[in-house]
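Below is one structure; the comments refer to it alone.
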């Protein structure tokens, strides 16, 4: 219905009082029913709106540039009319007289207002009276009044665009963007209303008739605008020339607004009604035709918006008609439909270079699948998951043309979203590296490496010190990654096996870096994630050198410090002083990565260190004398903050025993048990006790109550060593001995740390016996000797000879051991006529040994004192059936290189003799090495591991023959070859679990020269200088078991089993072990492991004059070889352990007395021991393997024992 409003309000001079001319009975307002507008409601709203408009126009007219503003809005052709109107407005006079008519929304076609010049009437929507009159009604009324003014100012013309809305916005002071102004100037707001069957031309407020004409939509178009209580609808019209995939996005909202998609008749076919300021979106497959988009506010709230409209033509249905995307670079997205009426969608794309291609098909409402085709249309990859699950394809593609086919499964119908992505390969060299630029935050890249693309390089820059992390994932084959510095040198790598993800975390300084991704085996796509986070400036409170160490001053209680160490701060030093002897303690904790700590003396020498693994806390406890000390904190790997606590407490320890022989505590005559309590440590390194015996006595000593390792020695009257006890750790020490009358000393001393102790000494007088005769005629007759017999007796000034008589009824291996001496005594083996066959005359109180093969007959043993000493003794005699090839003394005899290497190549006779070298090379002559060299076998290609005290790898006679781990990069802190050991370029130090295995010149310990001496015997160069090694072209793998003191004891030994396995796993062919070791299951398993891989272990038999070898040589019954020592005359060395009676042991002998070889610092020296004999045999094994690398463990053992020279 139409409703005409009469001007009955005193505030309505602005409108023509047309209704005053009507008969009141004809005024429709008097006949309104309840569903119709109530006159008072309309009157009140309109009165408020008009009063507001009058005030705004008056305010506007009073501005000095009012005319210019109107000229901006209207195409002014009647300046006089403009000036008249501005004068009226300034006086609040409104005499132009248009009528107002309220219509329903349907009659106004969705618009809020319209103006008919023909009827000089403003038409308003009934809806406006239900809103705030100062916003909605006033704004629309002012806009339509603007159309009235256009008729006056433009002399009956029509200013282009929507001049009414532009006037409304300027008068109301609304800011107008360039884009909004362009919209208003380009808007066609003309339309037609049908009123009572008559078409009336009007200018509309916003309707589809005034919609912004987008034109034909192809690709993407973007618009900005605003809607709210004063602008309730924005319409956009677009045309599709063909069936297309249409999408719409409404964003940038500050309040709730919604959107509709309308067909050509203005009927909504889709909408998006999200709440709040959430973005709205519509996606639809549309046929060719005209469409509208309506943007409108929810609940009249005002908001600006950004509207994006996109249309893309359907994909073709065949290869020929495929939608041509062109060159694919980056990501392209397509929306389309497949189903019963459109069974195939084809897309064609081109790759200009080898690229990583990925495809994702999503947004499915039914099952659809996808294929990747080559240029001929042949499928090269597909994805056909069931249901509405998204489909994906990832592939590394060469340059060329390709197709994608999307198709429904069965009779399904579905719209879809198709994402196609191609990214160029990363460069294949540093020069061509993909430049990421400055890395901040996380960046992710997808690419491929394999047989056709062996390296991918990425370059990035850090603007400041940062925590850097890298993750290489989604691997289908083994690939690895390396972090490089700006010069391309490796900083760190990750090389896990299989398809495990690779990771690197590192703190890096500002600068340029590279990433290298490469295949280990196979071909694989990958995802590379790089991340960098700037590190806040870290206060470095501790100095980085001794000279700049943080000076704590005198340390007399507990002090704590917090600081940081890592890749950019590799050392923190602290300096402190002690004014008196103190118990010092250190705790390093609060670690997030592995860091270690050292206590240093005043010159920077290491006193003690703590190097626990991982982020475990470190600690040091030590008794220190007065002086200056340093603490060094340093990272093992990673970066970490730390808490360091240092404490010192002054100590006063008892010292009841003297510190020298001269000041020894004098116990007097020892005839029973006496106990003492005292202390030894770093500030009291020796406690001496003096006692006397008035007669031969059984002496016992017990040292216990230890909290750290301490040892004890029994000394004679001049301080000479009689016997010692050297148990490990805090185990008790003990000595039991028969001593003659005289003066003796006890020395108690610390092995490493400080400890209190209990010392108990006792002596019991003994009565000598004489069970053996004093002449051959009165010899004690044992009878036939089979097996072992033991006797205890006495010799001395009152009993100068003890004789024993025995028979053997078959050729026998005979062993004699004389022990338990308190004075020097010797022993002889005599034939039936009393002539000496063999004797043992070792000096001092050491055991005497005789080992011999005896024929059938009668024999005598004579035991006698060396001088005037008196001693009890224990005599053990053993006889067992003899083998013609094996001797309990020499085993299978002297190693013979000439025969062994000949047999290794299938020759039954030894190589021909050559001239001896003579001089200090007599050991080579004795084992016939030169005969082998003459045939061209010098150990070439063979690696001999020397598990020992370390090797001077820079010695001029060794440096060309040192093994190098070529799979490891020196100094980069990375386990490059993935063998479990970092930077093991020249082997490993198992004592300190690190790579510093090199023994430097100037070492202060005689024991520390040991490994270098052994290495020279094996592989010293044949250069005419010093000595020539048995296998002088073999290579030495230096494996260090720890430090060795002057007594030949390891002070920080590692795991021998681990060292053996390291040698085997890293390519050693021979392992030399010139050492003795504690037996263990792990050691036996390691020896078996070496044998199973045909690695030959050569072990020194030991230097204790025992009847059989020690460990590990003892296991030569199954694994490797045992080696005893002989002198230049081929006689068994007094100190050498013998072969024993078990002929299963593969025991041979070699030169081991006064052997000349290399020592640290380009020097040479003499040394004796089975340690010197073993490397002669290891060298011979290297010669064998250089002649025949296919020899097995069993063959090497058999050849060596069969070809040895029998010395019995």
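Each residue, glycine too, has its Cβ placed from N, Cα and C.
Over in TrEMBL, the protein carries these features:
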- 948: active site, charge relay system (ACT_SITE)
- 1010: active site, charge relay system (ACT_SITE)
- 1171: active site, charge relay system (ACT_SITE)
- 233-296: domain 'Peptidase C-terminal archaeal/bacterial' (DOMAIN)
- 344-407: domain 'Peptidase C-terminal archaeal/bacterial' (DOMAIN)
- 455-518: domain 'Peptidase C-terminal archaeal/bacterial' (DOMAIN)
- 571-634: domain 'Peptidase C-terminal archaeal/bacterial' (DOMAIN)
- 686-749: domain 'Peptidase C-terminal archaeal/bacterial' (DOMAIN)
- 801-864: domain 'Peptidase C-terminal archaeal/bacterial' (DOMAIN)
- 939-1204: domain 'Peptidase S8/S53' (DOMAIN)
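For the domain 'Peptidase C-terminal archaeal/bacterial' (571-634), the most Cβ-contacting stretch among 233-296, 344-407, 455-518, 686-749, 939-1204 is 939-1204 (pairs under 8 Å). Among the stretches 233-296, 344-407, 455-518, 686-749, the one making the largest number of Cβ pairs under 8 Å with the domain 'Peptidase S8/S53' (939-1204) is 455-518. Residue 1171 (active site, charge relay system) carries a helical DSSP state (H, G or I). Cα to Cα, residue 1171 (active site, charge relay system) and residue 948 (active site, charge relay system) are separated by 10 Å. Taking DSSP states H, G and I as helix and E and B as strand, the domain 'Peptidase C-terminal archaeal/bacterial' (344-407) has 0 helix, 41 strand, 23 coil. On the 0 to 100 pLDDT scale, the domain 'Peptidase S8/S53' (939-1204) averages 91 in the predicted structure. Within the domain 'Peptidase C-terminal archaeal/bacterial' (233-296), the DSSP-based counts of helix, strand and coil residues read 0 helix, 41 strand, 23 coil. DSSP classifies residue 948 (active site, charge relay system) as strand under the three-state reduction. Sequence-distant neighbours of residue 948 (active site, charge relay system) (same chain, 6+ apart, CB under 8 A from its CB) are 1010, 1011, 1014, 1015, 1039, 1040, 1041, 1072, 1073, 1074, 1075. Other Cβ atoms within 10 Å of the Cβ of residue 1010 (active site, charge relay system), summed over all protein chains shown, number 25. According to DSSP, the domain 'Peptidase C-terminal archaeal/bacterial' (455-518) comprises 0 helix, 41 strand, 23 coil.
Taking H, G and I as helix, E and B as strand and the rest as coil, DSSP gives the domain 'Peptidase C-terminal archaeal/bacterial' (686-749) the counts 0 helix, 41 strand, 23 coil.
The Cβ of residue 1171 (active site, charge relay system) has 28 other Cβ atoms within 10 Å, all protein chains considered.
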